[in-house]
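> This is the structure I want to talk about, given as structure tokens.
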Amino acid sequence: MVSVPTTWCSVALALLVALHEGKGQAAATLEQPASSSHAQGTHLRLRRCSCSSWLDKECVYFCHLDIIWVNTPEQTAPYGLGNPPRRRRRSLPRRCQCSSARDPACATFCLRRPWTEAGAVPSRKSPADVFQTGKTGATTGELLQRLRDISTVKSLFAKRQQEAMREPRSTHSRWRKR
């Protein structure tokens, strides 16, 4: 006859083995999708395209779909981008490379020249030239480009106004004597 402590230990051991095997099967089904992302070493982020330069903030915002933008007084900084940028050739004709060739918005965006490189708004026809030709109607692409031009001009104007306000103003000593 088997003693009671031995029976108790064998039942507890069998129960632990059964629970451990069951836990292992459930954990294996849950860990399989997660292990595929861990096998690559980094979290894959949704990207519409890949920017040629991380300094082109408009491109980074357009291409990376799941970043978080934090507004700071001086600049807008992206967080959650993952790995640091890799070196690329400087002679890239496009500002970014689309993930899907069937995305016309991405193709149009990547062919445009970034505002940071341009330095100023690209020259267009003056309002007088448009008035003389009589063509005031615009296609959707031209209208969108005009809106972007207006936005850029306003932001450049606001930056220049802030810089003008920061400069110390010289006052004449005559005004202080009164």
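Cβ from N, Cα, C; glycine included.
Keep in mind that this is a model prediction, so the values were computed, not measured.
OK, Swiss-Prot features for this one:
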| type | residues | note |
| --- | --- | --- |
| SIGNAL | 1-24 | signal peptide |
| DISULFID | CYS49-CYS63 | disulfide bond |
| DISULFID | CYS51-CYS59 | disulfide bond |
| REGION | 96-111 | region 'Endothelin-like' |
| REGION | 159-178 | region 'Disordered' |
| COMPBIAS | 160-170 | compositional bias 'Basic and acidic residues' |
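In terms of burial and nearby residues, how do these features look in this structure?
Residue density at CYS63 (disulfide bond): 23 other Cβ atoms are found within 10 A of its Cβ, drawing on all protein chains shown.
In sequence order, CYS59, VAL60, CYS63, ARG95, CYS96 are the residues of the chain that are 6 or more apart from CYS51 (disulfide bond) and have a CB within less than 8 Å of its CB.
Same-chain residues lying 6+ beyond the ends of the region 'Endothelin-like' (96-111) with a Cβ under 8 Å from its Cβ atoms: 47-52, 59, 62-63, 141.
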> Would you count the other C-beta atoms found within 10 angstroms of the C-beta of CYS49 (disulfide bond) for me?
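Its Cβ shell of radius 10 Å holds 22 other Cβ atoms.
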> Under a three-state reading of DSSP, tell me whether CYS51 (disulfide bond) is helix, strand or coil.
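Strand, per DSSP.
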